[in-house]
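K.L.:
Right, I'll just put the structure down here and ask away after.
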Amino acid sequence: MSQQVIIFDTTLRDGEQALQASLSVKEKLQIALALERMGVDVMEVGFPVSSPGDFESVQTIALQVKNSRVCALARCVEKDIDVAAESLKVAEAFRIHTFIATSPMHIATKLRSTLDEVIERAIYMVKRARNYTDDVEFSCEDAGRTPIADLARVVEAAINAGATTINIPDTVGYTMPFEFAGIISGLYERVPNIDKAIISVHTHDDLGLAVGNSLAAVHAGARQVEGAMNGIGERAGNCSLEEVIMAIKVRKDILNVHTAINHQEIWRTSQLVSQICNMPIPANKAIVGSGAFAHSSGIHQDGVLKNRENYEIMTPESIGLNQIQLNLTSRSGRAAVKHRMDEMGYKESEYNLDNLYDAFLKLADKKGQVFDYDLEALAFIGKQQEEPEHFRLDYFSVQSGSNDIATAAVKLACGEEVKAEAANGNGPVDAVYQAINRITDYNVELVKYSLTAKGHGKDALGQVDIVANYNGRRFHGVGLATDIVESSAKAMVHVLNNIWRAAEVEKELQRKAQHNENNKETV
């Protein structure tokens, strides 16, 4: 009988470190709920002591997620563990994940300590975490470059202190698969109490070996794999969870293990992470790339038509990618749109049907037929822009040509007031942005601009994702339309609303702090 491999997702903690702009609490919650729907066993959602924003994100997700265990990261520092526990206490089930470096290089140059002192601190902090929960994970940072005898000492001590999961990270993506398998096997041979904990692995992709190392570790006895959707993460990224999950499913004959993942949710979750994080998926990305199931060779096409198994080791449907897509028109009713959303697996709580249907009709009038990918894009944009808006794009027009200076006129609703400005720019998009800056006086600096086609052909929707700098902080914005300039304008307005909302939150926090201070003085 096969054993289960626990899937530990760190998209919202380690994965977020790769992003140019931090995710909002709402965006993190969207991803967390998608991960829960996909069936991840554990989700690491933040580092609460690092900032009030991270604390709020962890607390919000802990309150909402019911079917996955919510985890927070903490260094082997008392305050870290106490704050992590405080942020997680509202959760249905939670885990505290604490870590300390164990390699000679890290101990000597980073910690300026000794192995004995590291072990002593690990024991104390694991015990402290156990005061809050029975589920404590301990990580040996840079385990891949830690001598096996030293690593075994640390692991044995952490298990004796109460750690229920021991994580072995290849922190810098240095280890080869056969080496990593040897580390796991070596721990099973050397640590007498290893049967009292689950052995986990956390690999990085600096040499392109993250997935290979994780699978080698599973083959050697590891029973938890940590990673991020689409492999996002610091430097070259984390282990791609979708790749490990499908490798375990497809090669069960070799690995003899399974996961509790709902495979049909993989593609949808991957797309959501890509959209929210503003990180396009390469076409040749394994499992979820747009070309993952494409066949261009005539010989391959002929073979697939005769029997898909000739050249496909898994089907698009196995990850939730349905190739037959129903098209809707402006004559399709609200019920038809809802029915299609139901068929694609969306719950009513995940989108506003009235808003979605209004956006659908406008799009159908422009392009005639609306496909599944159009509906998904509209639902995503609608969810992103549900929060209160101070700015709204009322009108814009542009004039440009090969020998002309681009000019834009923009009307922007700012609260109850509508303001208008015109400006020149280096192309129509820049002209629109210059006009918007004149209206608001925010003077945001564009850091990143990307355009993604949602669909196929000349009528495809264009999704514009931008990152803008304002007062030392980075804000993300997204816009969607059949017209690229309109998408660009909407993305900038989304940025402005995010800036405005952040300022409102700051005002509210200051108001509460002042209120608390006044109460103290009264007492």
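For all residues, glycine too, the Cβ spot is worked out from N, Cα and C.
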K.L.:
Out of Asp9, Asp14, Asp404, Asp430, which does Swiss-Prot tie to the same Mn(2+) site as His202, His204, Asn238?
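P.N.:
Candidate listed by Swiss-Prot for the same site: Asp14.
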K.L.:
Among the binding-site residues Asp14, His202, point out the residue whose Cβ has the most other Cβ atoms within 10 Å, with all shown protein chains included in the count.
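P.N.:
Within the set of binding-site residues, the most crowded position is His202.
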K.L.:
Does DSSP put Asp14 (Mn(2+) binding site) in a helix, in a strand, or in coil?
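P.N.:
The three-state answer is coil.
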K.L.:
Report, as a single number, how many Cβ atoms besides its own are within 10 Å of the Cβ of His204 (Mn(2+) binding site).
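P.N.:
Taking all protein chains shown, His204 (Mn(2+) binding site) has 26 Cβ neighbours within 10 Å.
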K.L.:
For Asn238 (Mn(2+) binding site), what is the secondary structure state per DSSP, taken as helix, strand or coil?
P.N.:
strand
K.L.:
Within the region 'Regulatory domain' (392-523), how many residues are helix, strand or coil going by DSSP?
P.N.:
52 helix, 59 strand, 21 coil
K.L.:
Show, in sequence order, which residues other than Asp14, His202, His204, Asn238 on the same chain lie with their Cβ within 8 Å of the centre of the Cβ atoms of the Mn(2+) site.
P.N.:
Thr10, Pro169, Thr171, Thr203, Ala210, Glu226, Gly227, Ala228, Gly233, Glu234, Gly237, Cys239
